[in-house]
Structures are given as structure tokens and as C-alpha cells.
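Peer 1: Let me give you the structure first, and then I'll get to my questions.
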Amino acid sequence: MTGATWGLVASTFAASFVEFVEALTIVLAMGVTRGWRSAIAGTVAALVALTAFTAAAGYALGTWLPESLLQLVVGTLLLIFGLQWLRKAVLRSSGLKAMHDEEEEYAAQTEAARQATRQSRFGIDTFAFVVSFKGVFLEGVEVVFVVITFGLSAANMPAAIGGAAVAGLLVLIAGVILHRPLAAIPENALKYGVGLLLASFGAYWAVEGLGVFTQSGESLEWPGGDWAILALIACWLLTSRLLVKVLPRLKPEVAR
Amino acid sequence: MRFVKGFGQFWYDFIIGDDWKIAAAVVAALAVTLVVVLAGVSAAGAAIAGGVLLLLFFVASVLIDVRS
């Protein structure tokens with residue numbers, strides 16, 4: 001494998017890993033408090049729905065949408081996801097927001113699960129089923145977008161899928177062995193890095209995709225081609241570090 | 001009706017998340033970039049303008065968020 005392929009695998013691995021850890025935390029909380037049958041049923045249903053969504057979206061995107069429109073749609077979504085992660089990372093690094101903690105998230109989820117009333121259908125606890133389904137599907141769709149973007153931009157879909165699959169497998173094995181949230185993962189640092197990558201790839205694609213509105217309908221070309229992605233990563237990193245420095249001065253009473 | 005509401009809520013949570021200002025900033029920056037593109041600026045110039053606008057709108061949304 002070349003260095004670029006390893007970079008692609010590492011990127012999709014890191015991005016997918018964070019999403020899978022979040023999904024695992026939700027499923028664990030439901031399994032422990034409301035019963036494993038309903039939590040696993042919700043997870044399996046979400047995986048089936050996710051497969052159908054990926055197949056349908058992949059077919060529709062690849063068949064009907066011109067390349068530039070595909071870049072605009074996927075790029076815009078990635079930008080929004082990436083910048084939301086970057087915003088949280090900046091607020092956490094500047095002390096304006098508490099660090100994300102999977103143990104805290106797990107405690108909040110289990111408390112909510114304990115207080116929810118029990119309603120059963122076909123022997124399945126509705127609350128655990130719906131929460132597990134929503135958690136796995138929501139995080140899963142983000143993984144799908146990450147894999148599509150990184151895979152298409154590097155023209156190596158198998159490597160992108162491989163990175164995400166290994167991440168999913170590792171998180172699943174860790175969850176089965178530990179039976180508790182993966183609190184030791186440096187999730188905040190991972191999210192910062194992944195936020196930078198998503199924001200950079202998203203900006204690159206979304207701007208290229210604006211070419212769909214021109215007469216030719218062709219994608220816009222960034223100066224320097226793919227090298228512009230590196231420049232974008234540097235710009236987002238610099239901007240986020242500047243915000244980390246400046247933001248605490250705007251709200252010194254909150255910053256810790 | 002409950003299904004439609006739940007479906008809408010799911011996609012709102014998925015796309016907009018917990019801070020609508022980020023999505024608004026992205027859409028606004030891309031809209032201004034599109035105006036630049038349609039004004040006939042070269043592709044390279046429009047791409048650079050798009051990158052800069054996205055950075056500026058993101059900074060503005062975070063500053064508004066922190067000050068509010």
C-alpha cells in the first residue's frame with residue numbers, strides 16, 4: 001500500500017472509530033438498563049436500515065446526480081458535520097465547554113433509560129429499541145458519508161471501507177469484552193483531528209460542486225488541485241487555534 | 001403524523017445538530033461564493049474566495065455563539 005492509501009485508511013478509521021464509540025455507548029446503556037434483547041434488536045434493525053439507505057443513496061447519487069452536484073451535496077453535509085465537531089473542539093480546548101466524557105454520557109443515558117416508562121411490543125422494549133436504533137443509524141449515516149467522501153476523493157473506495165470496517169470491528173470487540181463505555185479513548189483529540197479533516201474535504205468538495213450552477217456544469221478547479229486540501233487543513237487548524245486563544249478573553253468568567 | 005414529525009426531527013438532528021448557526025454559516029458562505037462564481041470571477045479566484053468565506057462565516061458563528 002502507498003502512503004496515500006495508508007493516509008486514507010487512517011482517516012476513515014479515526015472518523016469511523018469516534019462514531020462507533022458513540023453508538024456503542026448508547027447501545028451499552030440501553031442493554032444494561034433495559035435489556036440486551038431490545039438493544040440488540042434496535043441495533044440490528046438500524047444496521048439493516050443503514051444498508052438499505054447506503055445502497056439506495058449510493059445508487060441514486062451515482063446514477064442520477066452529475067458529479068459536481070454530488071460534490072456540492074456531500075461536501076456541504078461534510079462541512080456541517082466537520083464544523084460542528086470543530087466548534088465543540090474549540091469550545092472544549094478554550095475551557096468554555098466541558099470535555100466530552102463517554103462515562104458521563106453513559107451515566108446520562110442509563111439514568112434516562114431507568115426513568116423511562118416500560119412499553120413492550122412483541123416482547124421488545126420500545127424505548128430501548130428506538131434509542132438503540134436511532135443512535136446506531138445516526139452515527140452510521142455519518143460513517144457512510146465519511147467513507148463516500150474519502151473513498152471517492154482518493155479514488156479508492158475499498159481502502160476507505162476497510163478503514164471504517166476495522167474501526168467498527170475493534171469497537172465491537174472492545175464493547176463485548178469490556179461491557180462498559182470506552183472512556184480511555186482520547187475522544188476529544190480524535191474529534192478535533194477528524195473535524196479538521198471533514199471541514200477541509202467538505203470545503204474542497206462543496207466549493208468545487210458550485211460549478212454545477214455554471215453554464216458548463218463542470219466542477220470548479222482549486223488552484224493546485226488536490227494540494228489545496230493540505231492548504232485548507234492548515235487554514236482550519238490555524239483558525240481554530242486562534243479561536244482557542246481568543247475565545248476565553250470574551251468570556252473569562254466561564255473559561256476554566 | 002407522529003411518524004412524519006419524528007422523521008423530520010431525525011433529519012433536523014442529523015443535519016443541523018445542536019447549533020443551527022453552523023449550518024446557516026455554511027449555507028450563507030456557499031451562497032455568497034455562488035454569487036462570486038456567477039459574477040464571472042475565474043474558477044481559481046472563486047475557489048479561494050469560497051475557502052476564505054467559509055473560514056470567516058465559521059469564525060462569526062462561533063463568536064456569536066460565545067457572546068450570546
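Any Cβ shown, glycine's included, is placed from N, Cα and C.
Remember, it's a predicted structure, so these values are computed and weren't measured experimentally.
Residues annotated as transmembrane segment in TrEMBL: A:6-32, A:39-62, A:68-86, A:127-153, A:159-178, A:190-207, A:227-244.
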Peer 1: Check the transmembrane segment (A:68-86) against each of A:6-32, A:39-62, A:127-153, A:159-178, A:190-207 and return whichever range has the most CB pairs under 8 Å.
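Peer 2: The listed stretch sharing the most Cβ pairs with the transmembrane segment (A:68-86) is A:190-207.
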Peer 1: Under an 8 Å Cβ to Cβ limit, what residues of the same chain, 6 or more beyond the ends of the transmembrane segment (A:227-244), are close to it?
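Peer 2: For the transmembrane segment (A:227-244), the list is 86, 89-90, 93-94, 153, 192, 196-197, 199-201, 203-204.
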Peer 1: For the transmembrane segment (A:6-32), give me same-chain residues lying six or more residues beyond its boundaries with a C-beta closer than 8 angstroms to one of its C-beta atoms, as numbers and ranges.
Peer 2: 38-40, 42-43, 102, 105-106, 109-110, 113, 127-128, 131-132, 135-136, 138-140, 142-143, 146-147, 150-151, 154, 156, 159-164, 166-168, 170-172, 174-175, 179-182, 185, 187, 190-191, 193-194, 197-198
Peer 1: Please give the sequence-distant neighbours of the transmembrane segment (A:39-62): residues at least 6 beyond its ends with Cβ less than 8 Å from one of its Cβ atoms.
Peer 2: 27-28, 30-31, 70, 73-74, 124, 128-137, 140-141, 144, 148
